[in-house]
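> The compositional bias 'Polar residues' annotation in TrEMBL covers 7-26. Feature annotation from TrEMBL assigns region 'Disordered' to 1-31. Annotation source TrEMBL lists transmembrane segment at 90-112, 133-159, 165-184, 191-209, 241-260, 281-308, 346-367, 397-413, 433-451, 463-484, 490-523.
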Amino acid sequence: PTDDSQQENGDQSSHYGAISPQASSEVQEEPLSTYFEDKVPIPESDNECFSFRKLWAFTGPGFLMSIAYLDPGNIESDLQSGATSDFKLLWVLLYATIIGLLLQRLAARLGVVTGMDLAEICNRQYPTVPRMILWLMIELAIIGSDMQEVIGCAIAFNLLSVGRIPLWGGVLITIADTFVFLFLDKYGLRKLELFFGFLITVMAISFGYEYGLVKPDQGEVLKGMFLPYCPNCGPVQLEQAVGIVGAVIMPHNIYLHSALVKSREVDRKNKKEIKEANKYFFIESSIALLVSFVINLFVVAVFAQAFYNKNNMEVNAVCNATGSPHTDLFPLNNGTLEVDIYKGGVVLGCFFGPAALYIWAIGILAAGQSSTMTGTYSGQFVMEGFLNLKWSRFRRVLLTRSIAIVPTFLVAISKDVQHLTGLNDILNVVQSILLPFALIPILAFTSLTSIMNDFANGLVCKVLGSLVILLVCAINLYFVVVYVTALNSVWLYVIATLVSVVYLCFVIYLAWHCLVALGVSCLDRCSRISNRPAVLIEERSVGDT
């Protein structure tokens, strides 16, 4: 190479290497880490614009990330949206997925450019107390999400066994098979990713079968997707729209995606390779979220076409006529039909035959199993990043699963499968409350040139990102307020007020750091986060090693 190119490469080495100067030593310690025991090499290509071979090499992290958009909590939100609002809220699902794509893009860029995930960056940038609070909040989000996923699997086992496997039994089975599947990465990263792809395919076929069976009105589907209005909608539909956003955009998924992209061999000293990786990861994420949107659309459309405006008496009569053993789920009154994952499978079986019920249960099982596994990975990445743990694989899997499984098992013992309708709403509220603890840090750190260098967010991206985060947080805050005001208890109001004060103080603290990162210099007095050179990261990295 010429002297000029050597100088250029040297500049790139110092410029991009300043983010994580000890990256090479950390890579040598990777055998202890889950998911990264082997990194996928990126093939060379003569076509610099686009290469299908390169896209295939980068394919994987985005589909694992997209599973969070297909977990049982999302499926339940979809079917409730269709049953209560017809096709009128499909546009909300579409826009929420697009917003999710923009946020996942930030997470992927952070991981590619820095070689560190969001939890690791938080560990290096925030002081000890805020860092530990942030870690606890994200762990709480993972536990809430995991409860939805594991209970979803347990419900699927109950439906497939015609009630022979109780809820707690399904939870135990899910715990056992999750441990088994999580060690698939010992046989190669690509085999693990193909297994997740298989589970997504099972979901697409299962819910696609239901879509073909019910035959929704295609004109109404298109109108619901592309016309952003909701005629004759009231508080029920508004709350359902907010619930869709809260179910789709999940805090731990931002942390997960920023870690998953580290599984590809990208030379972070080479600006061209970083730019190329960002491009292909964005294309892959777009395809993955398109697939997840189509699967979610199947569920909404099925329940909108078949069960919108149905009342309990109608459903009871049909189930009774078909000899269903679940007729008692639907009281003899004219109340509007209320469905969840369990009742949704039952009514499909009553109206469209036993095959519809069993195929629905298979789809739910695939959704629950895949999201449980990715949730476990999220827990490991978050714990490793925030606490700088270097444990063996088995110890980390055991700890992260125990933290999430214990409350889930307690719920399974205390509840039966027919009385879980309100649990999903509570867990979606928890996810809504915790959402700022992922969105604010990801916007802050991807806007800092001291961390992202030439790949820091530009002005347009900063403004759009800020508006998106404000919108999402406002929507989810409304969801929380509606839920709390429905509690009708003075003591609960008092407790909620006290918790809200502490919560808002911490959100304001994170927002202050975020504004500093966005360039509001008047606030940059004692903030540890700024656009000054990344001395802090270098010092922390040296200290850690």
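A Cβ is built for glycine as well, from the same backbone N, Cα and C atoms used for every other residue.
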> Using Cβ distances below 8 Å and needing 3 or more such pairs, separated by at least 6 in sequence, tell me whether the transmembrane segment (191-209) contacts the transmembrane segment (346-367).
yes
> Between the transmembrane segment (133-159) and the stretches 90-112, 241-260, 346-367, 463-484, 490-523, work out which stretch tops the count of Cβ pairs under 8 Å.
346-367
> Which listed range (90-112, 165-184, 241-260, 433-451, 463-484) shows the maximal number of Cβ pairs under 8 Å with respect to the transmembrane segment (281-308)?
90-112
> Examine the transmembrane segment (490-523) against the transmembrane segment (433-451) and state whether at least 3 Cβ pairs sit under 8 A, considering only residue pairs 6 or more apart.
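By the criterion, they touch.
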> For the transmembrane segment (433-451), what are the same-chain contacts with Cβ under 8 Å, counting residues 6+ beyond its ends?
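Same-chain contacts beyond the flanks: 19, 103, 106-107, 109-110, 113-114, 118, 121-122, 125, 134, 137-138, 140-141, 144, 246, 249-255, 258, 457, 462, 465-466, 469, 472-473, 476, 480, 503, 507, 510-511, 513-514, 516-519, 529-534, 537.
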> Which sequence-distant residues neighbour the transmembrane segment (165-184)? Criterion: at least 6 residues beyond either end, Cβ under 8 Å.
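Long-range Cβ neighbours of the transmembrane segment (165-184): 34, 150-151, 153-158, 191-192, 195, 368-369, 372-373, 376-377, 393, 397, 401, 405, 408-409, 412-413, 415-417.
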